[in-house]
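Residues annotated as substrate binding site in Swiss-Prot: T51, N116, S194. According to Swiss-Prot, the site 'Important for catalytic activity' annotation covers Y109.
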Amino acid sequence: MAQAGVSLPKLVIGEVTFPPAAAPPGSSSSLFLAGAGERGLEIDRQFVVFTAIGVYLEDLAVSTLGPKWKGKTADDLAGNSDFFRDIFTGPFEKFTRITMVKPLSGQQYSEKVEENCVAHWKAAGTYTEAEAAAVEKFKEACKNETFPPGTSILFTHQVSPASLTITFWREGSMPETGNTVIESKALSEAILESIIGKHGVSPGAKRSVAQRLSEILEEVKLEGSK
């Protein structure tokens, strides 16, 4: 597949702006904004937004996903769990930015992530001591943190070696290095899956990724095509 650098407009979720490209901490690459959305819960019959989430992908994602998914509509992609599985398990770098709209403690956030990841692993029959250890490292990294509105948790999902770089971003320009690196392919994939997977916590981000990637893939020429 012929491929040039992917360029898409920024996205604004509430008061949070996600730029069209980002250079994640711990990475030498610039990734494009694949989609963004909010995460919230209905409380007393009102929908309360807690976080805004942006998902970035390496350009390699386009040539990797294209042969299988080119020509599908946004609705086709949004309703196909295999499409999103190809994203969070794909051999390309991903970056997830989670910006607080409501204040959260590190303990609150990490316990919810643990709940989602462990439930997924147990359902898949893949929960082992290695996954349990990775989650404990994640909880340890977050436990003393506080996240007022406007602060962000950054996840760099690296491929080689398979690892998850965790960064806490409070103000100014994006940090170049992370706070913690956890060498766990399973945790790296599970965190992104918990956001845009079959039971993902941000349906808005999921729809946004489907819409933007449908448009990108439609514009890309497959190798050998005229």
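Positions of Cβ are set from backbone N, Cα and C atoms, glycine also.
Keep in mind that this is a model prediction, so the values were computed, not measured.
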For this session: Sorry to bug you, but what's the C-alpha spacing from T51 (substrate binding site) to Y109 (site 'Important for catalytic activity'), rounded to the closest Å?
Result: 11
For this session: Give the sequence-ordered set of same-chain residues, not counting T51, N116, S194, with Cβ within 8 Å of the centre of the Cβ atoms defining the substrate site.
Result: R39, K112, V113, I191, I195, G200, V201, S202
Problem set entry | Among T51, N116, S194, which are binding-site residues, the residue with the most C-beta atoms within 10 angstroms of its C-beta | T51
Seminar exercise, completed: Y109 (site 'Important for catalytic activity'), Cβ-centred 10 Å count of other Cβ atoms over all protein chains shown, is 22
Exercise. What is the maximum Cα to Cα distance, in Å and rounded to a whole number, among the residues T51, N116, S194 annotated as binding substrate?
Worked result: 16
